[in-house]
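This report refers to the structure that appears directly beneath it.
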Amino acid sequence: MQFIDRCQIKLIAGNGGDGIIAWRREAHYDKGGPAGGSGGKGGNIILVADHNQSTLLSLKYSKIIRASNGDNGKPDLSSGQNGMDKYVKVPIGTTVYDEQTNEVIVDLIRDKQEYIICHGGKGGRGNAAFKSSTLRAPNLYELGDEGEEKTVRLELKYLANVGIVGYPNAGKSTLISKLSNAKPKIANYQFTTLVPILGIVENNDKRLVFADIPGLIENASEGYGLGHDFLRHVERCEVLIHLISMNPLDHDDVIDAYEKIMTELRKYSQLLVNKKMLVVANKMDVEGASENFNKLRSYLAKKGIDISSISAINGDVNNLVDRVFDLYQKTLSTTTETNPFSIPMVAEKVYYYDGEKTIDDDPLDVIKDGENRWIVSSKKLTYWFKKIPQTTLDNITRLGQKIKSLGVEDQLKKMGAKPNDVIVICDYEYLIDE
């Protein structure tokens, strides 16, 4: 299966159904009365974290995902059926960004965790909903609200506790195959690993998830090679293993190789180099490895950094496992987290979607368009002009009350508007009352 860990999609929730005007015609209801039902609510779009998903491939080519609209009201006091919610499954560890603002909307890190990313529109009311003791036969109805619409970016960041980073061919795949049950492709050439490989490592009844990250090269943080695409997967790791080959054929200078990897981590994010890190020398079984190891160990000692040595291909990894688990436990003890997956979770934002209530109180935008003509706009005006169709006298009266309550005429008079001046709102023209 093709590995896709990033994609962009447009999400459109369902529109609310329209309310209708209808009247009771049964023989035993001699006075009739309003019977127009309200529209159904539009369907939501809901993201669901699913442990069966391992890639965003199924969403890569889904440019637009829609939920269904609510049905219109019916003429027998019945409301329209609500639109069906659309559930979108994503891998655990998916972070959702608003494509316009680049803000994190939600981090889905638990199996079956759900989040309503786009709310369906509220259904419009039918005339039966407007009946009152003072309004016995209302010729009022509303259109349904539009569903929320968002363009989002999904990024998968694996939930690994320990990340293995280093140059291509450092022996990362061999190491994770010896540590765990993972079966990565292993060969003696660069970029054998093309996607992150996860493996579960057990030690004294404890277990951690290790991630083999595709090899980094110089300028990986700027998009060269494969590493830049996958560095995000180590953002959640509590511990990093910086694996370096001691084979003289793999590097011109082992110190330079160490520093270049550290530079790429730092350029991508300072948070990566601030993580707990073990520097591990690999391929100690080859000729010339001891000289490289001693050279690097002396260099790191001046920085106060320890280095350990292994030969992953020979399975000499038990001491390394103990060190990793000890360091991980110490890392947990310095945080408030106590569970084995110490993963920071972005607080979920709560969106209340109820038509007008979601609209910020924005000021009226007034433009003088000629001697006696004024163009007025605001989000709330636009909302109510979409909500109240001007097809009945009662609706026109209600819309006029909304315009007045929003202070349109008061604002215009303060700016010098006179009676019989023309007001333009949402392409409709009106005259200012005398």
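Quick reminder: no glycine exception, Cβ is built from N, Cα and C everywhere.
Positions annotated as domain 'Obg' by Swiss-Prot, on the basis of sequence analysis: 1-159. What Swiss-Prot lists as domain 'OBG-type G' is 160-329. Annotation source Swiss-Prot lists GTP binding site at 166-173, 191-195, 212-215, 282-285, 310-312, citing sequence analysis. Residues or ranges marked as Mg(2+) binding site by Swiss-Prot on the basis of sequence analysis: SER173, THR193. The feature domain 'OCT' is assigned by Swiss-Prot to 356-434, with sequence analysis given as support.
In this structure, LYS172 (GTP binding site) is part of a helix by DSSP. Comparing ILE310 (GTP binding site) with SER173 (Mg(2+) binding site), their Cα atoms are 14 Å apart once rounded. Neighbours of LYS283 (GTP binding site), defined as other CB atoms within 10 A of its CB across all chains, total 27. Spacing of GLY166 (GTP binding site) relative to SER173 (Mg(2+) binding site) is 11 Å (Cα to Cα, whole number). Across the domain 'OCT' (356-434), DSSP classifies residues as 32 helix, 17 strand, 30 coil. Other Cβ atoms within 10 Å of the Cβ of LYS172 (GTP binding site), summed over all protein chains shown, number 30.
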